[in-house]
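Some notes on the structure that comes next.
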Ligand code: NDP
């Protein structure tokens, strides 16, 4: 199995772990990055998912390098946490534009080739807080919840073309995104996670790898939690 894969935000954190997991499974993996350098051993294309022109250009480069994208992972995401009463409209719209509209741009650009091939995998990286809610993260939680309705609609639209669309909803994962939390905040978070610990990026990547694999051929429209039990019941 050596499919053409594209992972957005694949230069660090969860995205990089996903890219490495799929590359280890034998796929040709490209990653997008916004800043810095592409990771060693992976084909990197610079792309800001808030720009459809960037997304289009990135796909064109990936198609030229490794063929039409057969598996796409919309992973790029940001947070701009603050309480609603003092949240600027920019903090709301920029988070939605990156996390949700960014996933729309990436899925839309990938879907024509997948429809032609009558197969494809679209995997969106959401978050446990999309369904659980999180004080101080109304913008982020709204963007991540939106991904669920988006994915489930796509699952219905594209199922007859052999394309599956699924969501992975991680809990707290050790990356730059959570490194900003104080020790006290980390302690409080761990106390409410049934497994009592945060996740390693590789643990999220394994689930994405499964959803991308032949073993997951009959799974679509699913929201798979990888959260140590934090979101149970949602
Ligand atoms: P990081 O902050 O470590 O990495 C974020 C990635 O997204 C980077 O590669 C970054 O690129 C990229 N990115 C951000 N904005 C854009 C943009 N406009 N265009 C293109 N790329 C962009 O985050 P994580 O690895 O922790 O998070 C990855 C995903 O997982 C996100 O969607 C996040 O919401 C989700 N998630 C994370 C959790 C956690 O606890 N860490 C929990 C649940 C979900 P660059 O480096 O170039 O800026």
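Cβ from N, Cα, C; glycine included.
Marked as domain 'Ketoreductase' by TrEMBL: 3-176.
Residue 75 (NADP(+) binding site) has a Cβ environment of 28 other Cβ atoms inside 10 Å. Per TrEMBL, NADP(+) binding site is recorded for 9, 10, 11, 12, 75, 140, 141, 142, 143, 144.
Look at TrEMBL and you will find 140 tagged as active site, proton acceptor. Of all Cβ atoms in the shown protein chains, 24 besides its own fall within 10 Å of the Cβ of residue 140 (active site, proton acceptor).
Long-range Cβ contacts of residue 11 (NADP(+) binding site) within its own chain (separation 6+, distance under 8 Å): 31, 32, 33, 34, 35, 36, 37, 38, 39, 44.
Only 9, 11, 75, of the binding-site residues 9, 11, 75, 141, place a Cβ under 6 Å from an atom of ligand 1.
In the three-state DSSP classification, residue 9 (NADP(+) binding site) falls within coil. Taking every protein chain shown into account, 9, 141, 143 are the binding-site residues, and of these the Cβ with the most other Cβ atoms within 10 Å belongs to 143.
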